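Pulled from TrEMBL:
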- A:Ser70, A:Asn120, A:Glu164, A:Asn171, A:Tyr195, A:Tyr247, A:Val265: substrate binding site (BINDING)
- A:342-431: domain 'STAS' (DOMAIN)
- A:480-574: domain 'Cyclic nucleotide-binding' (DOMAIN)
Protein chains: 2
Amino acid sequence: MDKRAFQFSPVQRYLDRIHEELLDLNDGNVADYIPELTRADPTWLGIAMVTVDGHVYQVGDSRQSFTIQSISKAITYGLALEDRGLDQVLSKVGVEPSGEAFNSISLEPGTGRPMNPMINAGAIATTGLIEGNPNAPPMQRILEAFGRYTGRPMEIDERVYRSESDTGHRNRAIAHLLLGYGILDRAPEEVVDLYFQQCSILVTARDLAMIGACLANNGVNPVTGVVALQSRYVEKVLSVMSTCGMYDFSGGWIYNVGMPAKSGVGGGIMAVLPGQFGLGVFSPRLDAKGNSVRGIEACKRLSKDFSLHLFHVARSTSATVMRQVYDCAKRTSRRRRSEAELAVLAEQGHRIRVYELQGELLFGSAESVGVEILSELARVDYLVIDLKRVIGTDQASILVLSELCMRIADEGKRLFFTDSKNLYRFRKHLQGSAYRGQEPGPLHFEDTDHAVEWCENQLIAEAETTGADTPVADLSHQYLCAAMTGDELEALRQAGRECAFKTGSRIFDAGDCAESMFFIFSGEVEVWVDAGAGHRLRLTSLGPGMVFGEVALVNRKRRTANVSAVTDTRCLELRFDAIPESLHVKMLMSMASHFANKIERDTQLIQQLA
Amino acid sequence: MDKRAFQFSPVQRYLDRIHEELLDLNDGNVADYIPELTRADPTWLGIAMVTVDGHVYQVGDSRQSFTIQSISKAITYGLALEDRGLDQVLSKVGVEPSGEAFNSISLEPGTGRPMNPMINAGAIATTGLIEGNPNAPPMQRILEAFGRYTGRPMEIDERVYRSESDTGHRNRAIAHLLLGYGILDRAPEEVVDLYFQQCSILVTARDLAMIGACLANNGVNPVTGVVALQSRYVEKVLSVMSTCGMYDFSGGWIYNVGMPAKSGVGGGIMAVLPGQFGLGVFSPRLDAKGNSVRGIEACKRLSKDFSLHLFHVARSTSATVMRQVYDCAKRTSRRRRSEAELAVLAEQGHRIRVYELQGELLFGSAESVGVEILSELARVDYLVIDLKRVIGTDQASILVLSELCMRIADEGKRLFFTDSKNLYRFRKHLQGSAYRGQEPGPLHFEDTDHAVEWCENQLIAEAETTGADTPVADLSHQYLCAAMTGDELEALRQAGRECAFKTGSRIFDAGDCAESMFFIFSGEVEVWVDAGAGHRLRLTSLGPGMVFGEVALVNRKRRTANVSAVTDTRCLELRFDAIPESLHVKMLMSMASHFANKIERDTQLIQQLA
């Protein structure tokens with residue numbers, strides 16, 4: 001992506017403008033409850049945004065380091081969930097808003113369980129759940145977790161840590177209370193020390209935006225692709241941020257700003273718009289509640305100016321995920337077919353339907369797709385669902401599609417998913433359940449073209465058992481010879497030369513001189529080009545009664561593609577300069593007519609595709 | 001949509017299963033605080049779901065009427081916001097969770113402002129904000145608002161209303177307190193009466209699901225298309241539902257179930273998964289907090305089994321909204337071009353780029369689209385953004401696209417939005433700002449084909465000022481005559497008949513006998529078919545040096561399309577039976593060659609489209 005594009009992007013321009021305007025906002029005071037924090041320059045202002053596409057926007061002091069402080073609570077909570085699981089974490093820390101300030105000791109009467117993990121008591125209890133392993137002590141594991149979010153190695157500000165440690169008497173008191181209630185099961189001093197270090201991790205506004213983007217992107221870092229937090233816990237972390245992240249301002253924050261967020265007394269705010277972006281703002285002057293004044297204002301303006309709100313989400317409908325639907329009466333596979341086969345497909349091809357999906361499959365959109373497919377199932381026998389453009393699935397959509405598979409199998413229809421190689425979880429699940437009960441056979445195709453060809457072959461085979469067709473053709477089957485008499489066909493045969501090609505052998509290569517055409521008597525050939533990296537891209541396949549290389553008759557050029565024999569193949573090779581004069585016009589008439597029909601079909605297809 | 005599809009849909013099967021399982025859950029008791037409510041059958045269980053696509057699923061007693069009770073609070077709050085605006089409503093009712101039970105009198109110290117609109121005090125204050133108008137008293141307006149959500153006329157259960165009215169002493173007390181604080185400015189008895197009536201509105205589980213679906217669908221009823229609530233207030237209603245909708249269970253509810261919801265003592269629960277669906281459950285037995293036991297369980301299971309959670313949303317990326325991108329070197333408009341013009345477009349067509357968008361444009365996706373477009377702007381002079389498949393825009397995406405427009409105009413490039421007729425707000429905004437500073441001209445095109453044609457004309461005109469071309473052609477310009485000598489051309493001219501057609505006149509009609517072809521000397525014709533309702537669908541346009549009707553030379557049929565003169569046009573009409581024998585082969589060679597080239601281009605286009 002061109003760097004210039006970002007500089008002039010609408011969002012970059014907007015952030016530049018907000019940054020400039022907020023420089024005039026000088027309310028609030030730098031935190032002084034830890035002596036070391038007073039060293040911050042009160043004029044610093046950095047804003048960064050990272051989208052789930054991985055675009056990074058930043059302005060001002062977005063690369064200035066500061067200590068993360070309370071924003072660390074959200075990340076450590078996620079790590080505790082991964083380490084201990086939901087039940088154990090919930091037994092130690094609740095999820096209800098306390099309605100009180102950040103340093104309140106809101107413990108649940110009786111159990112002593114802190115109300116939620118965003119107040120200090122809850123955060124200390126959470127940090128107490130993080131254990132080390134033989135390879136890494138707890139603090140190293142915490143630093144590594146933070147690094148998965150930010151995409152870079154993290155460090156601690158030793159002076160702030162010492163300063164926190166020297167003055168954190170209230171937090172020590174909390175830890176001892178928690179020990180008394182059995183919430184902590186390790187030495188309070190050790191846990192509080194870990195907590196002080198965690199709060200002293202150095203971050204930038206850009207880091208905070210990246211952390212937010214991971215949470216917006218179902219836990220995956222959108223730049224590095226690393227899983228920062230398991231997807232199933234992302235919604236839990238965002239839930240506590242949304243109800244408790246801004247202390248006693250949480251209801252109003254969701255109502256007015258509408259983004260789960262967490263602030264720290266270092267001057268940082270990290271906000272998340274799920275599915276869209278993460279936002280990081282840094283400015284050290286704080287309001288009475290300990291939130292960055294400019295940070296709050298930046299979030300408010302952004303939300304208002306762009307109508308951003310977590311409850312304003314894209315509707316998840318089939319219109320969004322169903323890219324296109326077509327049947328094979330109108331659009332066949334690349335396998336070239338005889339007129340008789342084309343006639344079968346024109347009549348029966350509607351029984352094969354291809355559904356191209358795209359984007360992210362969630363409950364609502366998967367269900368819509370399922371309903372659309374089922375609504376026309378009575379008219380269809382073969383279904384191909386193309387997943388090439390699907391960027392993600394969730395558990396709900398997998399369950400919905402599994403039920404769809406079973407229903408289709410129950411009805412005795414055949415269903416193929418193609419191009420699902422990026423959807424590992426989806427494939428794994430379907431292999432386990434969906435294809436159960438289907439008869440054995442070539443059930444999986446990497447691409448839609450081959451799946452459709454297989455379905456077409458079924459329709460054609462079905463028609464052949466009733467009708468009559470021959471796997472061996474003579475010149476009378478060739479469209480170019482349609483208007484010729486028996487004598488003329490014989491003259492043509494005499495003019496040509498019979499030849500045989502073994503399976504796999506090349507008949508001609510792209511770039512060869514084009515001086516003849518080939519009428520196929522038996523076998524099958526494939527026309528293909530080199531797609532690089534050793535891959536062949538099939539342009540078409542041809543069988544008995546078909547001709548290849550004939551375009552050069554009117555359009556003398558070099559060969560533009562390779563042709564290989566797929567099976568043992570017999571042909572008549574006819575040199576252009578050997579064609580009897582009297583047959584020339586007949587062949588040209590047939591060719592032009594055939595091409596005109598092909599153009600008509602292509603035009604219809606293009607209109608349908610476009 | 002086929003009814004059978006729904007019966008067997010995965011979701012329907014799932015709801016059937018949940019319904020059956022929950023019939024065994026018999027905890028809780030029917031509400032008895034209003035005598036009339038005790039008449040409910042405790043075994044009733046109805047579940048309904050309505051998606052934002054408007055699909056309705058229901059099972060059990062989903063059509064059984066019951067009184068809406070507290071669920072009405074969410075709807076009336078939305079109506080109050082529409083009537084009075086945000087500031088006035090917030091001055092009377094707060095948005096912070098109270099942490100207390102539904103009938104608590106949680107008033108803000110000093111102001112007397114109820115903590116939030118979901119507790120009784122806040123709901124009474126909210127109802128007090130609804131005024132009548134000369135055509136409708138307040139209660140009629142409330143019933144009409146509810147009817148917009150449910151899509152049917154609403155009624156009050158008179159017996160429950162009387163029963164509420166006879167026993168609602170605490171609510172009367174609250175109303176008087178509110179009057180004392182100046183929160184109410186009308187007679188308390190009148191407001192409480194309105195409140196009792198509102199709580200006694202009869203709904204079904206299906207109605208609740210439909211109400212939820214409106215809120216999930218940005219305020220629009222997905223079945224009727226009626227705006228139930230202005231889009232900008234939807235997020236406010238969902239915000240208070242999410243933080244206060246389940247009383248002192250709100251933090252845990254969002255954490256565990258993850259759907260904004262509201263319950264009522266009638267036994268109903270209405271839940272919303274924004275962007276996806278609304279859910280309605282009805283079962284009269286309540287737990288100690290006044291919530292339907294089976295209702296809570298249904299929501300919990302659905303959320304768990306399908307991993308539904310409001311923070312689990314589809315990522316909003318350009319992959320989802322950018323349907324396809326192409327440039328006009330590869331794919332031209334339907335205007336047929338001369339070889340010289342095609343040569344210009346093959347060389348210069350990359351300067352025209354078409355972006356087809358789809359789905360819903362939100363901040364994140366619009367920004368991604370903008371970045372993608374800007375990243376290649378240096379190589380492009382004409383941009384066409386096709387909005388035919390865009391189903392919605394929001395304020396953020398309009399602002400982002402506006403900035404994009406200005407940036408493109410600043411660079412001296414031309415941008416067209418096509419097929420935006422369904423996006424009223426978008427068009428209105430862009431007309432006001434985006435095209436500012438663009439030179440006058442045919443700036444708006446209904447469809448992409450005509451916009452691309454206009455851009456192509458600019459490239460061709462630009463090339464003509466340097467090269468040389470003529471608006472009048474003779475037979476030597478015709479591709480069919482490419483291989484002919486001067487004498488042969490003259491012989492062909494003699495064989496034909498010159499003719500002139502006035503602007504707008506028909507040259508031939510679909511269905512006419514096809515016995516001749518037309519070589520254009522000057523003017524322009526359009527080939528079109530009747531698209532019904534008086535609309536013409538243009539297949540192609542042709543100018544000097546081009547030929548039409550020539551396919552019939554090899555493929556003798558009736559005309560398949562109409563041809564009209566767009567401007568005064570001169571042609572040579574050549575009857576097929578008048579073509580000199582010696583020229584026949586030359587014309588056939590040229591035709592087959594030309595068709596072969598066309599097929600090659602079409603094949604590339606199809607591969608690119610498919």
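Each residue's number is its place along the chain shown, starting with 1.
Glycine too: its Cβ is placed from the backbone N, Cα and C atoms.
Features as recorded by TrEMBL, highlighted on the structure.
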residue	record	Cβ within 10 Å
A:Ser70	substrate binding site	23
A:Asn120	substrate binding site	23
A:Glu164	substrate binding site	25
A:Asn171	substrate binding site	22
A:Tyr195	substrate binding site	29
A:Val265	substrate binding site	22
Three-state secondary structure, A:Val265 (substrate binding site) (per DSSP): coil
Number of helical, extended and coil residues in the domain 'STAS' (A:342-431), per DSSP: 50 helix, 27 strand, 13 coil
A:Tyr195 (substrate binding site): secondary structure state under DSSP, collapsed to three categories: helix
DSSP helix/strand/coil residue counts for the domain 'Cyclic nucleotide-binding' (A:480-574): 16 helix, 42 strand, 37 coil
Secondary structure of A:Asn120 (substrate binding site) (DSSP, helix/strand/coil): helix
